[in-house]
Structures are given as C-alpha cells and as structure tokens.
Amino acid sequence: MGALRWHFLLQCLEDLQKNLCQLGSCLLVIQGEYESVLRDHVQKWNITQVTLDAEVEPFYKEMEANIRHLGEELGFEVLSVVSHSLYDTKRILDLNGGTPPLTYKRFLHILSLLGDPEVPVRTLTAEDFRSCRPPDPGLAERCRVPLAADLKILPESTSPWRGGETEGLQRLEQHLTDQGWVASFTKPRTIPNSLLPSTTGLSPYFSLGCLSVRTFFYRLSNIYAQAKHHSLPPVSLQGQLLWREFFYTVASATPNFTKMAGNPICLQIGWYEDAERLHKWKTAQTGFPWIDAIMTQLRLEGWIHHLARHAVACFLTRGDLWISWEEGMKVFEELLLDADYSINAGNWMWLSASAFFHQYTRIFCPVRFGKRTDPEGQYIRKYLPVLKNFPSKYIYEPWTASDEEQAQAGCIIGRDYPFPMVNHKEASDRNLQLMKQVREE
Ligand code: FAD
C-alpha cells in the first residue's frame, strides 16, 4: 500500500472519529496484530461481541475464521455482516450450482432470481450510541488516530482526493443532483482524459468503506424510477456496481485469483520477464505521452479513469510489452486509492485477455486512443509539462516533430523526453501472433 492510500485511510479514520464524537461516542484505534490485540483487550474491556465485514479476500476469510476460534476460547460472540458488497456472494454461488458465473449476462440472470439487494442500514443517530460512553480522556488520547509521521509515511502529496465519509457523501450528492446525467450515464462514452473525473470518482470511498454501495444503489433506483428512460447494465451506473459484484463473486470461489499459476479461470501465458521495461512503464518513461501521462496521474493522484486503466494495462500486457498482468496489478495495488483484491485482479485478467474477455485482436493504439477525446492533448500537457509547448499535431507523437520544432518546443526527444520504447505496430503484430498461438494450443 503506497503513501497516497495511507494518507487517504488516515483521513477516513479522522473523519469517522469526528463524526462519532458528534454523536457522543468516539473511535479508539489500537495498533497491533489482531489476535494479540483481542487477547489483550477482551477481558480488560469486557468485550462481548466482535463485529466485522464479511469479505471475500483470503486474508480476511482466514482472519474471520481465526477470530471465531478466539471467540470460542475467550467467550465473545462474532457477528460477520455482508456490507462491503450488495449481495452475499455465497447465495449467488448456490444459485449457480456452487460455481461462479463467468459471464456478466449469466451473473445478471442469477441476480434476477435473487431480487434487489438488502436495503441499506439506516443512518445512526446519537440515540444509538447512548450506551457507548466515551472512555476516559487518557485512553482516547492513547488510542487516537495515528499521524502519518507516527507511521513513518512519506509526507502528504498533492493528491486532490480527500478521504472520509463526509467527502464521499458530498461527492455522491453532487452527482445525484444531476438526474439527467445519472439516467443517461453510459460508461464507454465517458472521457478518460478529462481534467476532472468524467465518472463518479466514488471508487476510493467504496473501497475503504466510507460509503455504502447499497445507499448508492437505492439512490440510483429512485432516480431511475422517476426518469422516462434510463441506461441499463452493463453500461449504466447501477451496471457499474454490478461489475463490482461480479468480480467479488468470481473471486470468492476461485483459488489463486490474483495469480496466473494455479488459477483455473486464467489462460496460462509465457509472459516475458523484463524488469527494465516494467520499470519504464511504471515510472512513465515509455516515450508514449498518452501512456506516460496516465501513469503520472496514477502516481501523483492515485485515481485514473477506467479507459485510461484499459490503455496502460493493454500496453503492458498483450498490446506492446508482453509483460504479465500480475506485475501491472501489483503496481496498481501500490498506487491506486481504490486498490481492491477482486476488482483489480479481475480487470487485469480481462484486459490481458487472460479471462472473461476474448476479443484479443482489439489492441489499443497508444497514439490514437487518447486523441479521440482530447485532440489538443490538454491532459498530456497537464501531467507531462515537459511536452506542453508542442503543437497539438505532435503532442501524442512528439518524436515525429523535426529537430527545429523540438527545439522550438523546448524539448528534445531522446534528451528531455524518451523516444518510444517500442515500435507499436511491430510489437502489437508480434504479440497478436503470440496470443493466437497460446489460444490454439
Ligand atoms: P464509476 O464509473 O462511477 O462506477 C461506479 C462504481 O462502480 C465504481 O466506483 C466501482 O466501485 C464500480 N465499478 C466501475 N467499473 C468497474 C469495473 N470495471 N469493475 C468493477 N467495479 C467497477 N476498481 C476498483 O475499485 N479497484 C481496483 O483495484 C480496480 N482496478 C482496476 C484495474 C484495471 C486494469 C481496470 C481496467 C479497472 C480497474 N478497476 C478497479 C475498475 C474501474 O476502473 C474503477 O472502479 C472505476 O474507474 C472507478 O471510477 P469511478 O468510481 O468513477 O467509477
């Protein structure tokens, strides 16, 4: 987990602490390994119930099992609640004969048998916290939300994202006031290189539990009910939430979901191992401005648009570099604010045509893709200021400018900004053949 996400998480906890305070309660943050923390506190604080989010990730499944054992030993009750996802994935698996549905269409069919998800938990009030008296001020001070410096996290960067339920709710309300936008939302038509997010930008808030997906789902249902027409899954906003559920469901029942080896749904591919090329991709030195601008936004801000994720994921894997999706997933895991075990791995498998998606002949061009929605290259100028003085006709391929034009733009390719690391046409043709071969085998 990178520094940006740490800062975001600490902001979330501070916001939670503030909101609980307003309700007459407070948040105690205890640092340490969960088992010893529980052992130390159960008797001391007379803990009778431990409540946790039911999760699909193996680490948390194991944690829940361990906590249950501990509960039997130490005498506390464990309440595990499905709240990070809309549905209990076990119910979906049961209806599909115990296996995960591997297409979105099949998944929607199963959901139609289940009906709407549970309604969201109501908003808590001070009344709910009547019996949760704030502990003595000394304890509250000892168990305060840690500062980034306490955890030796690098100082705050300039990310425009701020963590917390308050911010998440504000963002939600902002989007929902434009009901026409909500009703007509069509994901492929949103713009990957707009200077402000063209989608909701709610993923970091869902990811860290600041915002309830059910609240979002039902607010959308209310807007759809009032609209004459509205878009539908897979492209609608509710459809996006269902993609999330889809990946949670498949991940919950697939061993080694974040790996190629031992993963029964993943195509086994002999990807190249090339640390130098991987490093260039990760550090925005591919020489393709569209790719490098996206990787810069990811590093500086921790969020990039879905189609921008498509562009860089395809480039790293089946498009240009033929490097394993696992490597890309790890970089995203470190840098994304919304990094998520199931969604990240699922989408990387998708983009690399290792699972779910099989139209592998469709390879994104690192020059033409971004041009369609931002012909002037404003996005590139923002994130790669070294290129900002190039005329628009060169901004996506500055190496084609003459020496004089480069000098005029104040940026010599090969000195101030790299030449493209591959010839896209040759690399993508070769990779296409490789992919055909793998599939035939
Ligand atoms: P919106 O379009 O406004 O959608 C609303 C919500 O729906 C999102 O917040 C998200 O929770 C969910 N959603 C949208 N698209 C998807 C999708 N394709 N799959 C699953 N859920 C979706 N998303 C993550 O939350 N965490 C990740 O680690 C992650 N890794 C990704 C890796 C790759 C290679 C790709 C191509 C996509 C990845 N995504 C991931 C999915 C998607 O890009 C983001 O969820 C989305 O861009 C977040 O922006 P938003 O909140 O504005 O989305």
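Using the three backbone atoms N, Cα and C, a Cβ is placed for every residue, glycine included.
Note that TrEMBL annotation is computational and uncurated.
Ser203 (FAD binding site) falls within a helix when secondary structure is assigned with DSSP. What TrEMBL records for 199-203, 240-247, 338-340 is FAD binding site.
Sequence annotations record features per position, and here TrEMBL assigns domain 'Photolyase/cryptochrome alpha/beta' to 1-86.
Remark: Trp271 (site 'Electron transfer via tryptophanyl radical') has Thr317, Trp322, Ile323, Ser324, Trp325 as non-local neighbours, by Cβ distance under 8 Å and separation of at least 6 in sequence. The secondary structure of Trp271 (site 'Electron transfer via tryptophanyl radical'), as reduced to three states from DSSP, is coil rather than helix or strand. Marked as site 'Electron transfer via tryptophanyl radical' by TrEMBL: Trp271 (among others).
Under the three-state DSSP scheme, Trp325 (site 'Electron transfer via tryptophanyl radical') falls in the helix class. Among the features that TrEMBL reports, site 'Electron transfer via tryptophanyl radical' is placed at Trp325 (among others).
According to TrEMBL, the site 'Electron transfer via tryptophanyl radical' annotation covers Trp348 (among others). According to DSSP, Trp348 (site 'Electron transfer via tryptophanyl radical') is assigned to a helical segment.
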PLDDT averaged over every residue in the domain 'Photolyase/cryptochrome alpha/beta' (1-86): 94
Within the domain 'Photolyase/cryptochrome alpha/beta' (1-86), residues counted as helix, strand or coil by DSSP: 46 helix, 10 strand, 30 coil
Least surrounded among the recorded positions, given as Trp243, Phe247, Trp325, Trp348, when other CB atoms within 10 Å are counted: Trp243
